[in-house]
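Written out below as structure tokens is the structure these notes cover.
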């Protein structure tokens, strides 16, 4: 019986050490000069070549004009968005549930058009909540 306990204790210690060892970060091996040279040459070959092209004056002027056109079109689009009036909210349905009140599924819809019935805890507690305040 005493030998069995000693064997089980040894097995338990070995399992603990094995588990701890498996969770350790692997150590990096020191690299010598040959490994560094071969890795750097491989990395240089893997990169795609990049060609640098100088722009002439005409292409610079065209790109500036295009940029100005884009800026003016963005300004016009933003002015149109500001000028448009917001659409009116639809009137609430006659029998409705106020915001933050209980709205279990047989209950009518929420009064606020931006609110929705949100249920929690397996639909045991439901309430009307506004999810998007900028509706």
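Cβ atoms are placed via backbone N, Cα and C, with glycine included.
Predicted, not measured: the structure shown is a model, and the values here were computed from it.
As given in Swiss-Prot:
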SIGNAL    1-22  signal peptide
CARBOHYD  39  N-linked glycosylation site
REGION    56-101  region 'Disordered'
DISULFID  96-111  disulfide bond
DOMAIN    96-135  domain 'Agouti'
DISULFID  103-117  disulfide bond
DISULFID  110-128  disulfide bond
DISULFID  114-135  disulfide bond
DISULFID  119-126  disulfide bond
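Known features from Swiss-Prot, placed on the structure.
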residue: 96; record: disulfide bond; DSSP class: coil
residue: 103; record: disulfide bond; DSSP class: coil
residue: 110; record: disulfide bond; DSSP class: strand
residue: 117; record: disulfide bond; DSSP class: strand
residue: 126; record: disulfide bond; DSSP class: strand
residue: 135; record: disulfide bond; DSSP class: coil
| query | residue 111 (disulfide bond) to residue 135 (disulfide bond): how many Å between their Cα atoms? | reply | 14
| field | For residue 103 (disulfide bond), the one of 96, 110, 119, 126 that lies nearest, given that the disulfide-bonded residues are compared by Cα | value | 126
| Cα proximity to residue 117 (disulfide bond), best match among disulfide-bonded residues 96, 110, 126, 128, 135 | 128
| Spatial neighbour of residue 119 (disulfide bond) that is closest, considering only the disulfide-bonded residues 96, 110, 135 and their CA atoms | 110
| field | Averaged pLDDT, computed only over the residues in the domain 'Agouti' (96-135) | value | 83
| query | Where residue 114 (disulfide bond) and residue 128 (disulfide bond) are concerned, what is their Cα separation in Å, rounded? | reply | 10
| Do you know offhand how many angstrom separate residue 135 (disulfide bond) and residue 110 (disulfide bond) by C-alpha? | 15
| Inter-residue C-alpha distance, residue 128 (disulfide bond) and residue 96 (disulfide bond) (nearest angstrom) | 10
